[in-house]
Each structure stands twice: as structure tokens, then as C-alpha cells.
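Below is one structure, written out as C-alpha cells; the observations come after it.
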Amino acid sequence: MSPLCILRALVIFWSDQCSRVLASSCLRHVYHLWVAALVIFGPLLQYYVNPRTIFANHRNFFNIKFVQSAWGWTCLLLGGHILLTTYISTHSVLSALRHLSRLVVGGAVWVGSSHLFLLIEDVTGSCFQPVPEGRLLLLPDLMDKRSCEGEGYRWRGYDVSGHTFMLTYCCLTIAEEVAVFRHFLERGRPAGVPLRIVFLLNAALLALWNFMLLCTVVYFHEYSHKVVGAALGTLCWHLTYRWWYRSRWSPGRPGHGLFHKNLDVQKTD
């Protein structure tokens, strides 16, 4: 057997196995609880891990190249998966665009939340000047973050963890979207090696986001900032995928209208 045939067999095998796991009703029902447990109890690992590991440095490769562009990577890989599965199933450009619009909504969620987090930090914060012995002197005359940092001082406010928010939302979004692939295969849709590779890349990205979320909650940010960020990310996922996308005037749920009799493959609740 040639190396190419072996590689093709491996891609088919692992994509079949991953699709079974990601589409399982057990995972569909408890995954958001897993993410919540990761954020709530993950910080306890800081007492057992090496504080000098590469992942404890916020300038590490994965944090710079992946986490800081988390939504961009998610859109790139997940967009390819949604486009291929939708167009192959329906042969409709409009249907593909409708399903892709969920990523546009996700982008709007990220932009809106970023502005909200900055507003919260600005409203709840105060300006401080570092003084000898590591103390901070309150400067009440500087009332906003821009003017404070413009003068070279420090602004201290409630800083909701944007990384925790985004990684939580990306994890939940990918888990929702890739679950469709199992139903795609079961209904005999053509799934060539390129499509299977795109699916496996999304599964690998989901695993990476889980790992980076764990690193984030272990090494960075204050506890309440991480919990609030994850809670808001979960709330945004719930409002979109579990509520709005079920309505008629929405981009629709993943898999809706792609299979026989317009079967909604996500009826897990």
C-alpha cells in the first residue's frame, strides 16, 4: 500500500472517530458544563504546575499567534467547514451564505463585548501613580483611562478577561458547528479527503482552544475576571445558538435545511 493510500485511510479513520465523539448526545449536553468546570476549578492547578513553564509567559508562541487572533482562526477554519458542508448538501450559494452569517454574528458579538469590557474598566477604574516601596498614589483629577495612561500613570479598573470570554465562545461555537459533520456522513453526502481534513483541523483547533483556555485560567488574570468572562461567553453562546438561531428570522441552527425533510440535526435539548 502506498504512503498516499495510508494517509487517506488515516484521515478517513480519524475523521470518522472524531465526528462520532463530537456529535454524541452526551458531549452535546455536557460540553458547556465542562468549559465552566475548566474555568472555575482550573485555577487550582496553579499550585501544582511549574510557574516557569513557557505557557506561564503571556508572550509565548501560542498566545501571540493563536489566542490573540482566536476569532480569526475560528472564522478561517470553521468558515471553510460550514461553506463546504452547506454547499455540497444544498448546491445553493444563498444557503451557504445564510449559514456563514452565523460567523458574522459571532464577529459582532466579539466586537461588541470588547467595547463593553473597555467601558466597564473605564467606569469602575481610578488613576494611580506608582510611588516608592511599590505603593500606588490615587490621582482623582484624572477621571478616564485615556487621560490617565496618556500622562504615564496606571489605570486600575475591573478588567473582564477578554481572552477567557473569546476562548469560551469559540469552544462552544466550534462544538456546535462541527457536530453537523456526523449527520453529513450518515446521509451519504460526498466527503472527500479535503473536506475531512478541514473537519480534522477544526477538531484540532477545538482541542487547542481547550488547552489554551486552561493555560489562561491557570496563569493569567484575576479569578473573578476569568469567571465573569467565561460566564458572558457562555451567555452569548446560549442567546445565539440555543435561543435566537431557533427562530425563523435568524441565520438558522447548524445543519438546518441541509438534509432530508429539512431535518434539524441539532435537536438535542
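Here the Cβ of each residue, glycine as well, is placed from N, Cα and C on the backbone.
The transmembrane segment feature in TrEMBL is assigned to 33-49 (among others). Residues 56, 164, 168, 171-172, 210, 213-214, 217-219, 223, 226-227, 230, 234 of the same chain lie 6 or more positions beyond the ends of the transmembrane segment (33-49) yet place their CB under 8 Å from a CB of it.
According to TrEMBL, the feature transmembrane segment maps to 70-88 (among others).
Among the features that TrEMBL reports, transmembrane segment is placed at 100-120 (among others).
Annotation source TrEMBL lists active site at His163 (among others).
Residues or ranges marked as transmembrane segment in TrEMBL: 197-221 (among others).
Residues or ranges marked as active site in TrEMBL: His221 (among others). Cβ contacts within 10 Å of His221 (active site), excluding its own Cβ and spanning all protein chains shown: 19.
Marked as site 'Important for catalytic activity' by TrEMBL: His225. Remark: His225 (site 'Important for catalytic activity') has Tyr158, Asp159, Val160, Ser161, Thr164 as non-local neighbours, by Cβ distance under 8 Å and separation of at least 6 in sequence.
For the transmembrane segment (70-88), the residues of the chain that approach it from at least six positions outside its boundaries are 95-96, 99-100, 102-103, 106-107, 110, 163, 166-167, 170, 173-174, 177-178, 180-181, 184, 189-190, 194-195, 198-199, 201-202, 205, 209, 254, 258, judged by C-beta separation under 8 angstroms. With a threshold of 8 Å between CB atoms, the same-chain residues lying at least 6 positions outside the transmembrane segment (197-221) that come near it are 11, 14-15, 18-19, 22, 35, 38-39, 42-43, 45-46, 49, 51, 55-56, 58, 62-63, 66-67, 70, 73-74, 77-78, 80-81, 84, 159, 161, 163-164, 167-168, 170-171, 174-175, 177-178, 181, 229. Note: His163 (active site) has non-local neighbours Val67, Ala70, Thr216, Phe220, His221, Gly229, i.e. same-chain residues 6+ apart with C-beta under 8 A of its own C-beta.
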